[in-house]
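Trainee: As listed in Swiss-Prot for this protein:
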| type | residues | note |
| --- | --- | --- |
| BINDING | 78, 100, 122, 130 | S-adenosyl-L-methionine binding site |
């Protein structure tokens, strides 16, 4: 129903948690190289538990290859520099949610490929830098899925 893109993720447990999230929500996960870890990393596998076999995951050599694979899809960049609040967007089946690396977020040249209404920011208290990557992915994905009455869930 939805896709999540992790652009150059750095921290194995975050990606492992998102693998588990995707497996439990029927979401396809896209990883854009370079990755900050091996897909055989113990922490990645531990965080994802035994959900790796249930996750639909694709690894892309670079951002351009990922965009080509998702051509024609509506894409949203999750960024602290966004202005659109996640709860005000009417998400559609097939939407794609793009997240940047944990320590620096999406680079400006990637963010600039998204219109302002497709740059999404999750609300948080002032003077805080950002939310955890896997938590942000869960918040956004569950809001989008909720809008579709949790289609396919038990």
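Backbone N, Cα and C define each Cβ position, glycine as well.
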Trainee: Out of 78, 122, which of these binding-site residues shows the lowest number of other CB atoms within 10 Å of its CB?
Mentor: 122
Trainee: For residue 100 (S-adenosyl-L-methionine binding site), write down the residues of its own chain that are at least 6 apart in sequence and whose Cβ falls under 8 Å from its Cβ; none is a fine answer.
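Mentor: The answer is 7, 8, 77, 78, 79, 106, 107, 110.
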Trainee: Below 8 Å Cβ to Cβ and six or more residues apart, same chain only. Which residues does that give for residue 130 (S-adenosyl-L-methionine binding site)?
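Mentor: Set apart from residue 130 (S-adenosyl-L-methionine binding site) by at least 6 residues yet with Cβ under 8 Å, we have 80, 105, 124, 136.
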Trainee: What's the longest C-alpha separation between any two of 78, 100, 122, 130, the listed S-adenosyl-L-methionine-binding residues, in angstrom?
Mentor: 14
Trainee: Three states by DSSP: which one describes residue 78 (S-adenosyl-L-methionine binding site)?
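Mentor: Where residue 78 (S-adenosyl-L-methionine binding site) sits, the three-state DSSP reduction gives strand.
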